[in-house]
Amino acid sequence: MSKLGTLGARLHRGEIGYDFVKNRKIWYGLSILITILAIAGLAVRGLNMGIEFQGGAVFNTPKNTSVSVSQAERYAEEASGHDAIVQKLGDGSMRIQVAGIDTGAANEIKSTLADDLKIDSEQINAELVGPSWGEQIANKAWQGLGIFLVLVVIYLAIAFEWRMAVAAFVALIHDITITVGIYALVGFEVTPGTVIGLLTILGYSLYDTVVVFDSLKEQTKDLTKQTRWTYSDVANRSINSTLVRSINTTVVALLPVAGLLFIGGGVLGAGMLNDISLSLFVGLAAGAYSSIFIATPLVADLKEREPAMKALKKRVLAKRAQSAAQGESEVHDEEAYADEPEDDAAPAVVGPRNQPASRSRGRGRPSGKRR
């Protein structure tokens with residue numbers, strides 16, 4: 001068995017583990033800090049909405065265009081009077097986006113770009129995009145997100161309990177906020193691909209969370225009938241028992257997404273891959289983090305407020321204190337016994353022994369006076 005497999009088996013059996021629930025305040029603080037940074041980035045920089053949401057034109061140049069990205073960006077901004085976004089594609093062609101222009105302005109910009117780039121205007125493909133299409137996509141996405149969250153909360157409340165539904169909802173909001181904030185800080189365009197990525201990560205985010213919740217539900221049956229474990233102890237064991245599985249599934253999911261982001265988008269220059277892969281990459285990582293460090297500890301926090309769980313915790317702590325006291329008493333008894341001296345041996349008698357007279361004394365002598 002590999003070292004990782006051995007580690008997973010030991011975690012599952014409870015032989016080793018990290019106390020996630022005990023240190024939950026550290027992870028709560030870290031999550032709050034990251035969320036505040038994400039919201040601040042969103043408020044200060046805002047989202048770089050793509051042309052699908054603003055309307056405008058997209059100009060695609062032929063292969064092996066000889067100018068640089070900075071030159072093409074300068075030409076497009078001078079021709080349009082608007083900010084332009086230029087992407088160099090893998091085949092040497094360029095994708096030039098100019099937002100906020102109409103059909104007449106697009107034709108003029110196309111002719112000016114052809115002159116500046118020293119190519120035939122017929123070789124430049126111009127596509128006009130209206131803002132209404134992007135607005136429709138955004139509205140449908142928000143509707144889908146709202147319906148999804150409602151259905152998830154209802155399902156988790158029925159299949160598990162309402163506390164787990166609340167914890168899963170908080171984890172989802174945490175993941176979406178961080179992903180959107182990273183988008184604002186990085187400055188990537190928000191396109192329909194971004195919206196698709198955001199909706200996709202919701203399922204991945206819930207996957208690990210539901211796995212841990214299912215393990216927790218199984219291990220907390222008849223929990224109040226024993227006095228060995230508190231609810232937080234069992235919650236921590238559930239996280240540790242599924243930890244390696246969560247790491248494996250997350251790594252396997254992140255590897256192809258990282259390939260799309262760093263190779264497909266960064267090396268080959270496929271813009272749409274950047275849009276969808278960044279949201280997937282950040283969302284998957286945030287979902288794995290929240291399922292381990294946020295969702296389950298939050299369930300333990302909510303559950304420990306129940307009167308039955310409070311009473312169980314008191315009994316468990318009392319029994320542990322009693323066991324500790326008995327253990328210390330036994331240790332002290334053993335130490336005292338070890339310090340006692342052994343019984344002294346009988347002292348040796350100094351001088352002649354007092355032995356009984358021999359019965360054979362005087363035998364073989366005639367009676368009478370001594371001579």
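In case you wondered, yes, glycine gets a Cβ from its N, Cα and C as well.
All TrEMBL annotations are machine predictions without curation.
Copied over from TrEMBL:
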COMPBIAS  331-345  compositional bias 'Acidic residues'
COMPBIAS  360-371  compositional bias 'Basic residues'
DOMAIN    115-304  domain 'Protein export membrane protein SecD/SecF C-terminal'
REGION    321-371  region 'Disordered'
TRANSMEM  26-44  transmembrane segment
TRANSMEM  141-158  transmembrane segment
TRANSMEM  165-188  transmembrane segment
TRANSMEM  194-216  transmembrane segment
TRANSMEM  247-270  transmembrane segment
TRANSMEM  276-300  transmembrane segment
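Only pairs six or more apart in sequence are counted, and the transmembrane segment (276-300) with the transmembrane segment (26-44) gives three or more Cβ pairs under 8 Å, enough to call it a contact. Long-range neighbours of the transmembrane segment (194-216) within the same chain, counting only residues 6 or more positions beyond its ends whose Cβ lies under 8 Å from a Cβ of the stretch, are 50, 137-138, 141, 144-145, 148, 152, 156, 160, 164, 167-168, 171-172, 175-176, 179-180, 183, 188, 234-235, 238-239, 241-242, 245-246, 249-250, 253, 275-280, 283-284, 286-288, 290-292, 295-296, 299. Remote same-chain partners of the transmembrane segment (26-44), defined as residues 6 or more beyond its termini with a Cβ less than 8 Å from a stretch Cβ, comprise 20, 174, 177-178, 180-182, 184-185, 289-290, 293-294, 297.
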